[in-house]
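Undergrad: I'd like to ask some things about the structure below.
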Amino acid sequence: MAAAAASPSTATVWAFAAATCVKLLLVPTYRSTDFDVHRYWLALTHALPARQWYVDASSEWTLDYPPFFAYFSRLLSLAAPLVDASLVSLPVPAAPHSSPYLLYLRLTVAFSDLLLLASVLLLAVDARRRQRPFLALVLVLWSPALLAVDHVHFQYNGFLMGLLLLSLHFLEQGKDLAGGVAFAALLCSKHLFLVAAPVYFVYLFRHYCCGRGVVRGLGRLVLMGAGVVAIFAMAFAPFMYYGQMQQLFSRLFPFGRGLFHAYWAPNFWVFYIILDKILAYVLRRLGFNIEIPEASFTRGLVGDSSPFAVLPKVTPITTFLLVILAMTPCLVKAFSNPQPKHIIRWVSYACSCGFMFGWHVHEKASLHFTIPLALIAMDSLDDVRHYFLLSIVSCYSLFPLLFENQEYPIKVLLLLTYSTLMWVGFSSHLSANSAREEKKANASGIIVKQKFTGWISLWYLSGVFAIELWSQVFHNYVFGDRLPFLPLMMVSVYCGVGMMYSWMWQLLWIVRHT
Amino acid sequence: MAKPRKSRNPASDLPAPARLPWQPPAQPVATALLISLAALLVRVLVSVGPYSGQGAAPKFGDYEAQRHWMELTLHLPTSDWYRNTSDNDLAYWGLDYPPLSAYQSLLHARLINASLPDTVALRSSRGFESPESKLLMRWTVLSSDLMVFFPAALWFVWAYMKDGVGGGGEKREGWMWLLAMVLINPCLVLIDHGHFQYNCISLGLTLGAIAGVLSRNELAAAALFSLAINHKQMSMYFAPAFFGHLLGKCLKRKYPILEVTKLGFVVFGTFALVWWPYLRSYQATMQVISRLAPFERGIYEDYVANFWCSTSVLIKWKRLFAIKPLKLMSLCATIFAFLPSFVQQVKSPSNLGFLYSLLNSSFSFYLFSYQVHEKSILLPLLPASLLALHEPHLYGWFTYYALFSMYPLICRDQLLLQYIAVLGLFFLIYYSPGASYVKGINVSSGTKAVLSLPLLCSILFHIVYLQIEPPKRYPFLFDALIMFICFSQFVILTLYTNYKQWMLDLHPRPVGRRKKDL
């Protein structure tokens, strides 16, 4: 086609620029307390020496990310005094901030997305040195979940995902050392990605160190170890020097948080609760004396008392073991046949395991596997089907984050536009592919139209509409102000079904095909 | 205009071009849905921003005017809408649009009254502002846009492509780009969803009428265009084009008188229906008409980039002449300006000529008629967007200066961020990868330098206007300079389009002419 004369990288930059315009328009929208968190961190890292970063408690939003993120905050704060001196003054002023103030912080997020763009540009070529479809790259850059969480709710996931994708790019291209180092840098920016560490470890050990003789393997092991240790030293050495390691770790791993976040992430534990509720109800009906647990599910802090009436209490150790258990098939596969072309899938699967079975999981963590999976969304018909479902479910599960009326049409339209883009792009991709195959095979005129959605997933997705309609319209009519948490629970449970399916699909795919 | 030219990757060792997801074999219906959703998203995002006169007591802005009209139409009888009464102070945002606008206000007032009655309470609601009422008011514009402008745009693009209006040189898949250009018009989006007005309704009705003409539904077109005039009298800017084109078509038919009578009947019927409550007495009708033509407000307001305002630096029109000779002068000038395009359409009506004629006649009104606002540039911009496939450079150039001519207004409304974002988005779509409709211009470097001079000036003035305090003696110096730049560009544009319209006859296009001379 003569019309499509733009090179893939031009087109990708174009898509990013369009997304940036949308990000600009999102500046005046709602922001959560995360905005205050990052505002404080900006001021903290700018105004105080590193010695006090993990000690200062002048705000309730204490720094609880690893040092690289603090350095990153410091970098973003460099230009801040030029805009508004109150941006970097401590204690953070409580007065409503000026519009340059807001604009500056929003722009730091848009600016840090440049790393995501760079990684996506690098990922335009896949592990087999083939061109990735442009749509797969656009699906990352235009992800509605990323827009909602970063540019409305306010976080820096674009930067973190950029780092993760960068490391995946290096691994795909066989540059294992760079990939390992990039992943170490990611861990030092946000420790939640630790969940992917086992896959990285196994893969790098087998693919980078093994199979080249003992001496060379050992040398490589040392090299990789040195690289990773160097990164960790860059991050933690200053604080070790200050003797603040214990303080730092108590900030990074705050114990005493409950199994659930304030809003239930749509994962395995949602079903555990529901099962507990049902069992309690049934047993009570049968005449057993079941105590109603005092701890509430809807509070973030549960403390020591078990929130379950019948089922055994879940401890962090249980969740840790479950995550490792769920990951085992993938680790075995990565150990037995480490191939760069599967690395995105394995890392995404590890993140899904963490999301499904982890302790105190945030709903936002679903980004960690949805975004990388977008890159391989068009590898096969099954992938297309799976990603179509997963991306809609994961974005929909983030809807409760933006709860104000003003953002309602924005989140709905973001999701609808994205789904339509997938619909248009996937169906045209599939029909172009089948046309090409037909030409190749010179088949006898039997056109098998490849539908990218099956009946079940179509029905499931229309259920999303029903849930949304219920929580927006009918819930108020039926219950009035009672049971305000019911719509949220319905969203969690319903999305939990989709997430469970996605997790199992990924597991099966990995077991069968890698 | 020095546009950032897209590299056409001439080297063959570069990777294969990106396959865009919305290009064929994508399903047209789903693609149209995608474009519409994206256009709606942009509108919703802009509507988050501030509106005109937000928190600016005591006079506020267009937002308050619309809210006030809702309040009036909801609580007063129809006969009192245009009269000065104890409840209706005409000096405070009196209703000055035709009755269809008033009905629309009434409808929206009923909707808002159902959930937030305080917003439209009689008298006590003056200057009422709350986040909820802002949302509801924004939703009335969004829904109007969605229900009037969007279907009209889809109908137009369908009719345009079906008929091959632009001739054989255009690719079939150009319709997506055209639809995006019509729907994501930065000026319309900013004025309706940022500044706060309902241009989408009158322009949407006009666009529907244009689509009607292209698909040979003349009677529907006449009715829709009458409705457009009855929503905003400014739609009259297009009247010479509609009149000339439809007259020219009728004259070519078997029974010209019958055809003209049918059209006249539809137009009068529509008008009578809309004006029904005011037709009881001559006085009531004249009262409304006097509200619609506020001659006492002077020949121009603020700094609008038209002939009267730009030349007033040299000739003080307002001081030299009374209102009456000025009225006559502006009338004559307007007629002279649209006459060539009108005559061309009566002589040889064609679909492409009709679109040019719409542009020329609305431009002549913008440049020469009485009491023009800077927002009236939206009217010539509509036919220019319809010609986007045929005249891509003209449209990009025009959109930029049209938006620039409203820059002072945008700054007053504090919509600068939205201005930058929407302008950026527009040019990204304009130069979208895969859109080869915007080819490089084959002009000499001298012409290019001449064209890029005003562009450089305008970029400079974007910054100067914000950063530098104008001298005390001339507080509106920069407004005036912006106006000059835009005026010069508009004059060049309209001379060019008039020339193009006349050339249509001299160089008849070989393809696709046979159907159009009905």
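Cβ from N, Cα, C; glycine included.
Automatic prediction, not curation, is the source of TrEMBL annotations.
Pasting the feature list from TrEMBL:
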- A:1-19: signal peptide (SIGNAL)
- A:101-125: transmembrane segment (TRANSMEM)
- A:132-148: transmembrane segment (TRANSMEM)
- A:178-201: transmembrane segment (TRANSMEM)
- A:221-242: transmembrane segment (TRANSMEM)
- A:263-283: transmembrane segment (TRANSMEM)
- A:384-403: transmembrane segment (TRANSMEM)
- A:412-432: transmembrane segment (TRANSMEM)
- A:452-471: transmembrane segment (TRANSMEM)
- A:483-504: transmembrane segment (TRANSMEM)
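Tell me about the surroundings of these features in the structure.
TA: Listed as Cβ neighbours of the transmembrane segment (A:101-125) (distance under 8 Å, sequence separation of 6 or more from its ends, same chain) are residues 8-9, 12-13, 16, 19-20, 23-24, 26-28, 35, 38-39, 42, 72, 76, 79-80, 83-84, 86-87, 131-132, 137, 140-141, 150-151, 154-156, 158-159, 161-163, 165-166, 168-169, 172-173, 375.
Outside the transmembrane segment (A:263-283), and at least 6 residues removed from its termini, the chain residues within Cβ reach (under 8 Å) are 290, 292, 297, 307-311, 314, 322, 355-358, 361-363, 365-366, 393, 397, 400-401, 488-489, 491-496, 498-500.
Long-range neighbours of the transmembrane segment (A:412-432) within the same chain, counting only residues 6 or more positions beyond its ends whose Cβ lies under 8 Å from a Cβ of the stretch, are 133, 135, 138-139, 142-144, 147-148, 378, 381, 384, 387-388, 391-392, 395-396, 449-450, 452.
Long-range contacts of the transmembrane segment (A:483-504) within the same chain, counting only residues at least 6 positions beyond its ends with a Cβ under 8 Å from a Cβ of the stretch, are 263-268, 270-271, 274, 298, 326, 352-353, 355-356, 366, 386, 389-390, 393-394, 396-397, 399-400, 460, 463-464, 467, 470-471, 475.
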Undergrad: Between the stretches A:132-148, A:178-201, A:221-242, A:384-403, which wins on the count of C-beta pairs under 8 angstroms to the transmembrane segment (A:452-471)?
TA: A:384-403
Undergrad: With a cut-off of 8 Å between Cβ atoms, can you find at least three pairs linking the transmembrane segment (A:221-242) to the transmembrane segment (A:178-201)? Only pairs 6 or more residues apart in sequence count.
TA: yes
Undergrad: Sequence-remote contacts (6 or more beyond its ends) of the transmembrane segment (A:132-148), Cβ cut-off under 8 Å?
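TA: Counting only partners 6 or more residues beyond its ends, the transmembrane segment (A:132-148) has Cβ contacts under 8 Å with 8, 11-12, 15-16, 18-19, 22-23, 26, 116-117, 120, 123-126, 157-158, 161, 165, 366-367, 370-371, 374-378, 387, 391, 394-395, 398, 401-402, 411, 414-415, 417-418, 421-422, 425-426, 429.
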